[in-house]
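J.: Feature table excerpt (Swiss-Prot):
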COMPBIAS  383-392  compositional bias 'Polar residues'
DISULFID  C527-C539  disulfide bond
DISULFID  C548-C562  disulfide bond
DISULFID  C675-C692  disulfide bond
DISULFID  C694-C707  disulfide bond
DISULFID  C716-C728  disulfide bond
DISULFID  C750-C763  disulfide bond
DISULFID  C929-C990  disulfide bond
DISULFID  C996-C1003  disulfide bond
DISULFID  C1062-C1075  disulfide bond
DISULFID  C1149-C1171  disulfide bond
DISULFID  C1203-C1290  disulfide bond
DISULFID  C1311-C1334  disulfide bond
DOMAIN    523-563  domain 'EGF-like 1'
DOMAIN    712-764  domain 'EGF-like 3'
DOMAIN    1079-1201  domain 'Fibronectin type-III'
CARBOHYD  N180  N-linked glycosylation site
CARBOHYD  N796  N-linked glycosylation site
CARBOHYD  N1033  N-linked glycosylation site
REGION    1-31  region 'Disordered'
REGION    308-327  region 'Disordered'
REGION    375-421  region 'Disordered'
TOPO_DOM  52-218  topological domain 'Lumenal'
TOPO_DOM  240-447  topological domain 'Cytoplasmic'
TOPO_DOM  469-1352  topological domain 'Lumenal'
Amino acid sequence: MAAAGARRSPGRGLGLRGRPRLGFHPGPPPPPPPPLLLLFLLLLPPPPLLAGATAAAASREPDSPCRLKTVTVSTLPALRESDIGWSGARTGAAAGAGAGTGAGAGAAAAAASAASPGSAGSAGTAAESRLLLFVRNELPGRIAVQDDLDNTELPFFTLEMSGTAADISLVHWRQQWLENGTLYFHVSMSSSGQLAQATAPTLQEPSEIVEEQMHILHISVMGGLIALLLLLLVFTVALYAQRRWQKRRRIPQKSASTEATHEIHYIPSVLLGPQARESFRSSRLQTHNSVIGVPIRETPILDDYDYEEEEEPPRRANHVSREDEFGSQMTHALDSLGRPGEEKVEFEKKAAAEATQETVESLMQKFKESFRANTPVEIGQLQPASRSSTSAGKRKRRNKSRGGISFGRTKGTSGSEADDETQLTFYTEQYRSRRRSKGLLKSPVNKTALTLIAVSSCILAMVCGNQMSCPLTVKVTLHVPEHFIADGSSFVVSEGSYLDISDWLNPAKLSLYYQINATSPWVRDLCGQRTTDACEQLCDPDTGECSCHEGYAPDPVHRHLCVRSDWGQSEGPWPYTTLERGYDLVTGEQAPEKILRSTFSLGQGLWLPVSKSFVVPPVELSINPLASCKTDVLVTEDPADVREEAMLSTYFETINDLLSSFGPVRDCSRNNGGCTRNFKCVSDRQVDSSGCVCPEELKPMKDGSGCYDHSKGIDCSDGFNGGCEQLCLQQTLPLPYDTTSSTIFMFCGCVEEYKLAPDGKSCLMLSDVCEGPKCLKPDSKFNDTLFGEMLHGYNNRTQHVNQGQVFQMTFRENNFIKDFPQLADGLLVIPLPVEEQCRGVLSEPLPDLQLLTGDIRYDEAMGYPMVQQWRVRSNLYRVKLSTITLSAGFTNVLKILTKESSRDELLSFIQHYGSHYIAEALYGSELTCIIHFPSKKVQQQLWLQYQKETTELGSKKELKSMPFITYLSGLLTAQMLSDDQLISGVEIRCEEKGRCPSTCHLCRRPGKEQLSPTPVLLEINRVVPLYTLIQDNGTKEAFKNALMSSYWCSGKGDVIDDWCRCDLSAFDASGLPNCSPLPQPVLRLSPTVEPSSTVVSLEWVDVQPAIGTKVSDYILQHKKVDEYTDTDLYTGEFLSFADDLLSGLGTSCVAAGRSHGEVPEVSIYSVIFKCLEPDGLYKFTLYAVDTRGRHSELSTVTLRTACPLVDDNKAEEIADKIYNLYNGYTSGKEQQTAYNTLMEVSASMLFRVQHHYNSHYEKFGDFVWRSEDELGPRKAHLILRRLERVSSHCSSLLRSAYIQSRVDTIPYLFCRSEEVRPAGMVWYSILKDTKITCEEKMVSMARNTYGETKGR
């Protein structure tokens, strides 16, 4: 598919590249010196000539000769003329029969005969929606095909005509439906006579004639002024030549020191000090917008040498924005490294002096040695040059620097020939001096004369550029649905143009022709029409067959691709562990999940610090060990660019496909491929594999002699005899799940007269071993479980004590404490004072956060659900480690670990022993009870009732000793329910750690008392990392790295600064690194701001960890739904927290805030919605977006807003007014007054009016009956129908005895970002680093208070 996306040149020798720029775009001239300002103003045309490439290009300035006109041509008229339907198009027609005229008729017939069999045999129903096309463009300009329409849209043509107004008026196009079922579209040039006959004169022609006359006059004036200016310049130059010719004629001489200084012009950055590199890098950084990567050029050290930039300025300008946008971490191509071309050929012809040769060789030697010493070096990419090829489909390659990969080909050489070229070339003074003409007389023209000449040349070029005529070009763009064009469709382009299918995702088999002019015969481009399988290297223009360069062979499956057949002395494992899969940083999708093919030079190599192996860099690849860009990949490719350059390079789907192209790594057909013991021979190449691999679930031994199961045995080759005291034995056993493979089982043994001890590693003398009833029993008073957690490892991430014992448990010292047996040595146990024992603590009532997210049942009359915690601690002991003695098992494992240990070995150690050990902890017993209240109102009423009933009567009013939890438990047990059923929704959930002593009355329970219970671990006060027990600094650093990887990168990547560099295996299905997962944010109602009828405040805790994933933005979605079972057909409104809310670009109804939680490092973001509808069901959704474009899982809050506000006093007044109007005889005017009054109030107010009317005047008749009697059935129905809008929840609240209105004023932090994010950024910025200014404001929230009695 990638090869189908490349744009190709249609004819032999046609090499147009890129999209042609239609329209004339003169730039502003450079500012001249003040003496020439008047003359410069005279030469300028009166109006400014600006011809930008805008959408309204047809409205050019009148003095500009260029015009740009865009015409859209619909295919609907041609389709209507046909006798077939839209969905049943015939596909068995020829593609060009009858369309060509003159010399092209024969070629059209040939196209028809070639296309008819393929198109008639379209497969099944897919061919019914396809259409044969025949597009012919006789004018210069390309034909583009884009499948950007839906299947229900009609195709159409777009013509972009660029040229003079007269030329554009001669462009003619027509479309028709041919008899054979082909849609024919033809663009041609009409003559002036035909145009005059076919087109009536318009009102614009006289004005254009006047403009043409003024244009000729302007040209004449300009020509005269230019001639005068040139005459003055010649006279000035002659005067200066006469005056200064005799003054300075001596030849400048140079000293030996100067020549030595100029001996070498460029020194690679590796030979510079780190300060010099950083200073030069910072100076270059000021001219770029990218915060990720900065291009670094080699540093010139000449003082009097004029350094010339040899890059192509237009090409560089076109791509600077893309490089800054993608934040490329690779450097640009260096002018001083490996530049092919004429300078290199000339340099190789002329040999330098012997001293110069020695200097260069010494520099090269130092340069290579610095690589071997892991010195950070940057190797620049090669400048790609145009290469000659016999393939008519290949064009010049655009010089880009994307992600540090550049597929440059030297002129006249193939990919294999580039392997032998020298990568580094140093230019010496002897070579550079050819440009300066040593020994000649100094020019007599000084700076003033040069300035005059430069300014005159600029003015002359500008004036001549203004008068240049614009050639006529017509770009034809065909917009079609996907899978629309049938096989056999034909395209005819003029010579110098091409067919652009770069955006065509599903190309068909085409016939492509080109012609020199309208009457010349058509020439078929067999190479250009290979859209689905374009040739990778060479293409025969006569037959269209693909071939390969020397050293390459056609792929056995895909014949249009080439694989390398000659690799020289390439043996051993593939070393590129740092090349990872590319992905699209913009969309966050795997586009493409490719590994690019490169050519390699075996003559050079370098050491990569990150891979710990010697690698051979590709010719076109820049390996930059200094790159510390915060991205998980070193290769990033844009999908469009990959398709465009498929002719110069191809790719493989996976890295295994790339490695397989190198051929087998071993011959496994005989002698197990040379693999020893139980290694298995694998002929396929793999990353960092020599072909000898271990069976599944086994790992190699330390010395690499065999494979063993590290979970069931020891390693005798670890350098410490496997931890055995005497013998370490090995045994080869077959694997139970694979009889063809085996494992090496290793265990400890003892020599004669010794026996293996119970620990399995040490040995005991047989004379010291006592067995039988006569032997003394060991002392059973030792307690090896009390405070045992202090001797084991602890995982600080999972908060669990591990099974592995770190410290040895001995009982040599008399370590006793009251009521306990002898304790292990090294434990210091301190009982806490009596005042801290048996203390009950009741927390403040807080909103239940677990019930403020998801599907929320909120009652504004009762308030938030609340929660309180009751905790009692007793039998408390503070335990510390006074002295430590490492256990034998832990000591043996530490001996095995080295700085070369793999991350998996260290992670296995952490999994068994943990990451820390406990240095200080609190032991005892604890009773914790959580009290859940259904609402805030219930909690307040129960607390008031508790205070009232547990207080003695009298003036002192001292509280009794009964705790609140005991009082509530008594209510729940005895079911002492009050009139308002307060206790019905209260729940108490308790959890006990250890046993409560009988001396504590707050936690003891009948029948479960214990005088001196065993204390358990309650709280860990201080932990110490295990790596502090490691002596070797290298091993300690490796353990730290593995520990950080397990903490932040899931053990599948390395921590670099504050981000994770994922392994090759830590990529998800979409190609994005997932070793540092993006947590799910939890959206909830703000616990401090309860919702009202129109205002809802939401908040969430920032999920960005300290290391790893970086959150770029949070996306909020809110919509109003009818029921909880929403079908999600209405998506609602999406808001970006960073771009819409913090920037202030959103609506005034939504505001953003930010605050800090109990821990300052934790940020809490909040959003307040102000313009919601009362009694409406709303659904709010939140997800996070990281800097790679990944989305987290959704968090949802569904909530019904509070009931509408009502004025109870006004409702009662309206009820009285309606009663007075209904009372007695009701005239027509009174009826209308009553009707208008009831229709003007809201539905909730009408419900409240009905409540007051019935409560006061129901004895005179119900409100419904009285309204029907007084107003009539029709008007009464219109009024009473509005009561149906009130929900059942609000109708129950509106029946309350009293409703009071109040306004709560709540402080809220309104935040705005100080910086503006630039539009179209590819690299997402980090939200936490955004500078935010917050201002505290008061938010007024009107509420209703419902009750059975009037509030105070």
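The backbone N, Cα and C atoms fix where each Cβ goes, glycine too.
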J.: Have a look around C728 (disulfide bond) and count the other CB atoms within 10 A of its CB, chains all included.
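T.: So the number of other Cβ atoms within 10 Å of C728 (disulfide bond) is 20.
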J.: Given a 10 Å Cβ-Cβ cut-off, pick out the one of the glycosylation sites N180, N796, N1033 that has the most other Cβ atoms nearby.
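T.: Checking each of N180, N796, N1033, the winner is N180.
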J.: Helix, strand or coil at N796 (N-linked glycosylation site), per DSSP?
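T.: Where N796 (N-linked glycosylation site) sits, the three-state DSSP reduction gives coil.
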J.: Helix, strand or coil: which one is N1033 (N-linked glycosylation site) in, per DSSP?
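T.: The residue in question, N1033 (N-linked glycosylation site), is helix (DSSP, three-state).
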J.: What's the number of neighbouring CB atoms sitting within 10 A of the CB on C1311 (disulfide bond)?
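T.: Excluding its own Cβ, the number within 10 Å is 19.
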J.: So, in DSSP terms, is N180 (N-linked glycosylation site) helix, strand, or coil?
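T.: SS state of N180 (N-linked glycosylation site) = coil.
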J.: Suppose you look only at the topological domain 'Lumenal' (52-218); what would the mean pLDDT be?
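T.: Mean pLDDT for the topological domain 'Lumenal' (52-218): 63.
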J.: Round to the nearest Å and give the CA-to-CA distance linking C539 (disulfide bond) with C1171 (disulfide bond).
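T.: C539 (disulfide bond) and C1171 (disulfide bond) have their Cα atoms 67 Å apart.
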J.: To the nearest whole angstrom, what is the C-alpha distance linking C548 (disulfide bond) and C527 (disulfide bond)?
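T.: Between the alpha carbons of C548 (disulfide bond) and C527 (disulfide bond) there are 14 Å.
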J.: For the domain 'EGF-like 1' (523-563), DSSP counts of helix, strand and coil?
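T.: Computed counts for the domain 'EGF-like 1' (523-563) are 0 helix, 11 strand, 30 coil.
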J.: Would you list the DSSP helix, strand and coil counts for the residues of the domain 'Fibronectin type-III' (1079-1201)?
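T.: Helix (H, G, I), strand (E, B), coil: 6 helix, 54 strand, 63 coil.
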J.: For the disulfide-bonded residues C763, C1171, which one has the sparsest Cβ surroundings, going by other Cβ atoms within 10 Å?
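T.: Taking C763, C1171 as the disulfide-bonded residues, the minimal 10 Å Cβ count falls on C1171.
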J.: Cα-Cα, whole number of Å: C996 (disulfide bond) versus C990 (disulfide bond)?
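T.: Between the Cα atoms of C996 (disulfide bond) and C990 (disulfide bond), the distance comes to 13 Å.
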J.: Cα distance, C1203 (disulfide bond) to C707 (disulfide bond), nearest Å?
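T.: Cα of C707 (disulfide bond) to Cα of C1203 (disulfide bond) measures 72 Å after rounding.
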J.: What Cα-Cα separation, expressed in whole Å, is found between C716 (disulfide bond) and C1149 (disulfide bond)?
T.: 71
J.: Quick check on the disulfide-bonded residues C527, C694, C1003, C1062, C1290: which one has the highest count of other Cβ atoms within 10 Å of its Cβ?
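T.: Result of the Cβ crowding comparison: C527.
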J.: Judged by the number of other CB atoms within 10 angstroms, which among C707, C1075, C1203, C1334 is the least packed of the disulfide-bonded residues?
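T.: Fewest other Cβ atoms within 10 Å, among the disulfide-bonded residues C707, C1075, C1203, C1334, is found for C1334.
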J.: Note down the number of other Cβ atoms within 10 Å of the Cβ of C990 (disulfide bond), including every protein chain shown.
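T.: The answer is 13 other Cβ atoms.
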J.: If you count the C-beta atoms lying within 10 Å of each candidate's C-beta, which of the disulfide-bonded residues C548, C562, C675, C716, C1149 ends up with the smallest number?
T.: C1149
J.: Provide the three-state DSSP residue tally for the domain 'EGF-like 3' (712-764): helix first, then strand, then coil.
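T.: With helix first, then strand, then coil, the domain 'EGF-like 3' (712-764) has 3 helix, 26 strand, 24 coil.
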J.: What number of additional C-beta atoms lies within 10 angstroms of the C-beta atom of C539 (disulfide bond)?
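T.: The Cβ of C539 (disulfide bond) has 25 Cβ neighbours within 10 Å.
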